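Heads up: the structure comes next, in structure tokens.
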Amino acid sequence: MTTTLQRRESANLWERFCNWVTSTDNRLYVGWFGVIMIPTLLAATICFVIAFIAAPPVDIDGIREPVSGSLLYGNNIITGAVVPSSNAIGLHFYPIWEAASLDEWLYNGGPYQLIIFHFLLGASCYMGRQWELSYRLGMRPWICVAYSAPLASAFAVFLIYPIGQGSFSDGMPLGISGTFNFMIVFQAEHNILMHPFHQLGVAGVFGGALFCAMHGSLVTSSLIRETTETESANYGYKFGQEEETYNIVAAHGYFGRLIFQYASFNNSRSLHFFLAAWRVVGVWFAALGISTMAFNLNGFNFNHSVIDAKGNVINTWADIINRANLGMEVMHERNAHNFPLDLASAESAPVAMIAPSING
């Protein structure tokens, strides 16, 4: 009897590429989402760096008054930004080949669209890559669900809000002072501080920070000491050890006595779910609030809600906020508007009640 051993034909180039892309043995997992993520994020990053350093001023309001945003045009790290594309462009897709020249493309803020479109696609693929790696490793898929909260926020300020307002010039500038300007104008036009979804977002972010500090301090304070008093307690932990590194019973007992028993978790899994869900749900609501205000479903308006017996207004803090909003609104885009929109849209007071009779 003769046994024949035949070497398996080597995989072709495409199969080797597929195996490399989906391999979990790589130092950094690539994945099929990564095939899109890497070039798009690289394009967005390179364009952002170049534009932040050297882009010429952009006619953001479409009234031939360019706004400088780059370092070489007089800005610093705090005041610098990639200025959003011009209001003259509106919501039109404005790639380089749509402009008559590179100078025109830069003047109308073309780099802003290039950056945000590549960034949003790359960031979305990053979320897909999180799911893909979890799937390959047999993990549950909740990491990408948590990441969806900041991703939804990015979509809200860079895409949904400009769509609702009718122009990418209303998108958030890519810089520190530009972000502050975006926030101030947003408050002036939409009263975001009085929107319940934004309030839930504040509770999510600040509450998440509080719970993170509480959890970290409780765990650090209830470590099971494996070292001497002269050594750091951190040396008592070995990566991959089977034993618990802190005493959850002690932490539960401490916190239950500090507040009350049922304020403390006695289940580590439900505790960590709560730590993740609180912040994620809060930021989801904040992104949803931005997306609703994009279409002018604004925050609560309690102006002139308290009056005396004679009908005179008794000012509340809501009226003070309203005056601040009007002040901010008249200050922004000074040369693009004669009046803030709230004043311009009010009913006009008639000067003459009836038309004069003309004899002759």
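From the backbone N, Cα and C atoms, a Cβ is placed for every residue, glycine too.
Swiss-Prot lists TYR126, GLN130, TYR147, MET214 with the feature pheophytin a binding site, giving experimental evidence as the kind of evidence. Cβ-based neighbour count (10 Å, all protein chains) for GLN130 (pheophytin a binding site) stands at 22.
The [CaMn4O5] cluster binding site annotation in Swiss-Prot covers ASP170, GLU189, HIS332, GLU333, ASP342, ALA344. Applying an 8 A CB threshold to same-chain residues 6+ apart, the list for HIS332 ([CaMn4O5] cluster binding site) reads ASN181, ILE184, VAL185, ALA188.
Annotation comment: Swiss-Prot describes HIS198 as chlorophyll a PD1 binding site. Taking a C-beta cut-off of under 8 angstroms and a sequence separation of 6 or more, HIS198 (chlorophyll a PD1 binding site) has the following same-chain neighbours: ILE192, PHE285, ALA286, GLY289, GLY299.
Taken from Swiss-Prot, the feature quinone binding site covers HIS215, SER264, PHE265, and the record attributes it to experimental evidence. DSSP assigns SER264 (quinone binding site) to coil in the three-state reduction, placing it in neither a helix nor a strand. Around the Cβ of SER264 (quinone binding site), a 10 Å sphere holds 18 further Cβ atoms from the protein chains shown.
Annotated site 'Tyrosine radical intermediate' per Swiss-Prot: TYR161, in sequence order. According to DSSP, TYR161 (site 'Tyrosine radical intermediate') sits within a helical segment. For TYR161 (site 'Tyrosine radical intermediate'), the same-chain residues 6+ apart in sequence whose C-beta sits under 8 angstroms from its C-beta are ASP170, GLY171, MET172, ILE290, SER291, MET293, ALA294.
The site 'Stabilizes free radical intermediate' annotation in Swiss-Prot covers HIS190 and rests on sequence analysis. Reduced to three states, the DSSP call for HIS190 (site 'Stabilizes free radical intermediate') is helix. If you take the C-beta of HIS190 (site 'Stabilizes free radical intermediate') and look for same-chain residues 6 or more apart in sequence within under 8 angstroms, you find MET293, ASN296, ASN298, GLY299.
For 1-28 (among others), the entry in Swiss-Prot reads topological domain 'Cytoplasmic', with the evidence type experimental evidence.
The topological domain 'Lumenal' annotation in Swiss-Prot covers 47-117 (among others) and rests on experimental evidence.
Only residues 6 or more beyond the boundaries of the topological domain 'Cytoplasmic' (134-141), in the same chain, are considered here, and those with a CB under 8 A from a CB of the stretch are 22, 24, 29, 31. The annotation topological domain 'Cytoplasmic' is assigned in Swiss-Prot to 134-141 (among others) on the grounds of experimental evidence.
Within the same chain, residues 48, 52, 60-62, 69, 77-87, 89-91, 109, 112-113, 115-116, 119-120, 289-296, 298-302, 318, 321-322, 325-326, 328-329, 332, 340-341 sit at least 6 positions outside the topological domain 'Lumenal' (157-196) and bring their C-beta atoms closer than 8 Å to a C-beta of that stretch. Per Swiss-Prot, the feature topological domain 'Lumenal' maps to 157-196 (among others); the stated evidence is experimental evidence.
Taken from Swiss-Prot, the feature topological domain 'Cytoplasmic' covers 219-273 (among others).
Positions annotated as topological domain 'Lumenal' by Swiss-Prot, on the basis of experimental evidence: 289-360 (among others).
Here Swiss-Prot flags 29-46 (among others) as transmembrane segment, drawing on experimental evidence.
Remote same-chain partners of the transmembrane segment (118-133), defined as residues 6 or more beyond its termini with a Cβ less than 8 Å from a stretch Cβ, comprise 24, 29, 31-34, 36-38, 40-41, 43-44, 47, 141, 143-144, 147-148, 151, 154-155, 158-159. The transmembrane segment annotation in Swiss-Prot covers 118-133 (among others) and rests on experimental evidence.
What Swiss-Prot lists as transmembrane segment is 142-156 (among others). Cβ atoms under 8 Å from those of the transmembrane segment (142-156) belong to residues 119-120, 123-124, 126-128, 130-131, 134, 276, 279-281, 283-284, 286-288, 290-291, 294 of the same chain, restricted to positions at least 6 beyond its ends.
Note on the transmembrane segment (197-218): residues 251, 254-255, 271, 274-275, 278-283, 285-289, 292, 299 of its chain, located 6 or more positions outside it, place their CB under 8 angstroms from a CB of the stretch. Residues annotated as transmembrane segment in Swiss-Prot, with experimental evidence given as evidence: 197-218 (among others).
Within 10 Å of the C-beta of TYR126 (pheophytin a binding site) we count 20 further C-beta atoms, all protein chains included. Here the transmembrane segment (274-288) has Cβ contacts under 8 Å with residues 142, 145-146, 148-150, 152-153, 155-156, 197-198, 200-205, 207-208, 211-212, 215, 265 of the same chain, all six or more residues outside its ends. Rounded to a whole number, the C-alpha distance linking TYR126 (pheophytin a binding site) with GLU189 ([CaMn4O5] cluster binding site) is 33 angstrom.
Listed in chain order, the extra residues whose Cβ falls within 8 Å of the Cβ center of the quinone site residues HIS215, SER264, PHE265 are MET214, LEU218, ALA251, HIS252, PHE255, LEU271.
Of all the binding-site residues listed here (ASP170, GLU189, GLU333), the one with the fewest other CB atoms within 10 A of its own CB is GLU333. Long-range contacts of the transmembrane segment (29-46) within the same chain: residues 20-23, 114-116, 118-119, 121-123, 125-126, 128-129, 131-133, 136, each at least 6 residues beyond the stretch ends and with a Cβ under 8 Å from a Cβ of the stretch.
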